[in-house]
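Chemist: Could you have a look at this structure, given as structure tokens, before my questions?
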Amino acid sequence: MSAILSADDLNDFISPGVACIKPVETLPAKSERDESAYEVTTEDKVAAENPSPAQISLTDCLACSGCVTSAEAVLISLQSHAEVLNTLDAYPELRVDGFRNGVQNGATGDARIFVASVSPQVRASMAATYGVSEKEAGYMIEQFLSGPQGLRAGGQHGSGFTWVVDTNVIRDVVLELTTDEVTASRAKFDSTATSESAEFPIPRQPILSSACPGWICYAEKTHPHVLPHLSRLKSPQALTGTFIKTILSKRLNVPPSRIWHLAIMPCFDKKLEASRQELTDASWQTTNHDIFASPAMDQPIRDVDCVITSRELLMLASSRNISLLTLPLTPLPSSFTTPFPDPRIAQFLFPKHHASNQSVSSGPSGGYLHHLLTTHQALHPNSTIQAQRGRNADVIDYTLVSAETGRPIIKAARYYGFRNIQNLVRKLKPAKTSRLPGARAAVSRRTGISASHTAAGGGVSDYAYIEVMACPGGCTNGGGQIRVEDARDTATIATSSIDGSAPTAQTSQHKPTPQEQRAWLARVDEVYYSADSDSHPPSSPSTSLGDEMEIDRPLEPESRSQSVHAILQYWSDMTGIPLPKLVYTTFRKVESDVGKSKNGAADTARVAELAGKIGGGW
């Protein structure tokens with residue numbers, strides 16, 4: 001979610017406790033007395049009865065339809081920089097130098113392979129904080145996670161991360177698959193709907209992006225009517241986890257449970273995404289592949305084991321007393337890089353050149369919409385992309401117009417922020433049909449707008465794709481990004497550590513003004529967009545393999561598309577898993593179990609009694 005909806009700014013951000021609605025399932029306790037007896041209860045007695053604290057599990061929170069923000073409190077406690085440190089201290093690093101040609105060479109015990117993935121928005125936030133370029137920020141993070149002066153310098157086992165992956169690489173895969181998905185949906189637009197029994201049905205138009213977990217959580221809990229429109233593609237974070245775990249499991253002959261994947265993301269809601277049951281090895285596991293089996297594991301293994309944010313990355317460094325600014329802003333030495341076990345995958349994951357596609361026109365959230373439009377524009381020479389701003393800067397309509405006919409070729413839109421998302425879901429809400437036979441279609445209160453128009457999506461039915469993000473301003477404004485006050489404190493501490501002076505405590509006392517916050521976001525955006533000319537790969541571990549093809553310049557769009565589809569086919573063939581199981585996911589309507597007993601019957605009386613005791617009611 002956005003910084004505006006973070007825990008520090010919302011007074012309805014509740015930790016699991018008596019305020020959570022889950023106690024409705026167990027409270028009030030049934031009296032042991034005879035139910036036929038009458039009892040007079042005074043108000044004083046009711047007020048004195050304190051409800052027991054709720055025992056909320058992560059599954060409860062994700063299956064709850066009461067709120068969105070309280071789930072983050074659970075996830076923050078379960079996925080944090082402390083979990084990273086505890087895991088590194090609990091398990092020694094499994095050195096993969098002894099693995100050759102997919103044969104395990106004496107790896108025993110509880111050792112783990114540690115892999116990290118970093119989003120470009122995190123690098124932009126770090127770069128703006130420390131006054132370095134986006135490329136240097138990437139090197140700083142890599143040195144911290146994998147270098148000799150970073151995490152490996154401390155801890156019980158001196159464990160660090162064997163590989164650090166740029167999620168931009170996997171994002172390119174999602175961009176290409178998004179274009180394919182929209183093309184398939186448009187082809188089905190006038191035909192019969194896909195069978196509901198299909199595991200991954202083609203979404204209805206307009207397709208809504210599904211990479212933002214805050215938006216997905218909101219849709220599943222409150223607007224299930226939009227679920228058929230959601231893109232079935234995994235997000236770059238989720239797809240990176242699947243990609244890493246399936247390939248390393250296959251090539252190194254280790255179960256997914258021994259591969260620990262950390263994702264560093266710009267928002268807290270990515271923790272929600274990593275905790276989804278649909279994003280575990282159970283979704284792609286096949287019965288005839290014992291190599292993927294996780295012995296003695298009762299629970300499915302997550303594709304992403306832990307998610308931390310930009311701010312938590314600073315906390316991770318602080319916990320180990322590591323000054324990030326003192327780390328080398330250069331690639332890792334070759335002596336500290338480990339060859340990836342598959343040369344072809346290594347060439348793809350760690351390219352010598354990579355076009356970041358982080359321009360102003362592509363936006364701050366991955367460029368899904370921009371890639372779709374430019375791909376179709378390349379198929380229609382001389383066509384033009386027209387943009388029209390909506391009610392605010394976070395709503396923009398795009399139309400690709402034919403040069404010959406002047407007619408629209410494809411229409412798309414961008415909706416950022418929950419205020420705009422609410423307007424969007426209202427447009428997609430189907431019209432209420434009368435239960436009376438032969439009744440005429442209802443007419444909207446607004447003159448001239450029929451129910452058929454509302455059912456068609458209120459003006460968005462002819463859109464092919466809509467990029468939806470919960471954060472106003474997009475992903476660079478994620479709630480986990482480094483705030484302007486944190487950046488001031490970090491800069492003060494960094495300066496004092498360099499010149500030896502004592503840090504002052506004045507900076508934290510000054511609350512930033514809205515103008516300062518906007519200026520800070522603009523600075524982060526500027527760094528993010530500058531990465532297009534400052535593109536870099538992580539320290540390539542594939543150089544020592546000697547099998548990679550040299551690429552002197554970035555691939556052209558058509559060649560990039562062919563390269564992506566080729567690597568996807570190679571991935572599926574290598575693992576023996578159908579490609580849809582690897583790249584697609586599913587969404588479901590979250591139904592509240594409030595007021596329902598275990599046998600499914602409603603228990604309205606108990607709910608009403610509890611509501612009265614806590615001062616509420618229906």
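Cβ coordinates are placed from backbone N, Cα and C, and glycine is handled just like the others.
Sharing the record's features from Swiss-Prot:
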{"type": "BINDING", "residues": "Cys20, Cys61, Cys64, Cys67", "note": "[4Fe-4S] cluster 1 binding site"}
{"type": "BINDING", "residues": "Cys212, Cys267, Cys471, Cys475", "note": "[4Fe-4S] cluster 2 binding site"}
{"type": "REGION", "residues": "495-516", "note": "region 'Disordered'"}
{"type": "REGION", "residues": "530-560", "note": "region 'Disordered'"}
Chemist: Provide the number of Cβ atoms within 10 Å of the Cβ of Cys471 ([4Fe-4S] cluster 2 binding site), excluding the reference atom itself.
Modeler: 28
Chemist: So, in DSSP terms, is Cys212 ([4Fe-4S] cluster 2 binding site) helix, strand, or coil?
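Modeler: SS state of Cys212 ([4Fe-4S] cluster 2 binding site) = coil.
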Chemist: Let's check the environment of Cys267 ([4Fe-4S] cluster 2 binding site): how many other CB atoms sit within 10 Å of its CB?
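Modeler: By my count, 31.
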Chemist: According to DSSP, collapsed to three classes, what secondary structure does Cys471 ([4Fe-4S] cluster 2 binding site) have?
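Modeler: Cys471 ([4Fe-4S] cluster 2 binding site) sits in coil per DSSP, no helix or strand.
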Chemist: Using all protein chains in view, find how many other C-beta atoms are within 10 Å of the C-beta of Cys212 ([4Fe-4S] cluster 2 binding site).
Modeler: 29
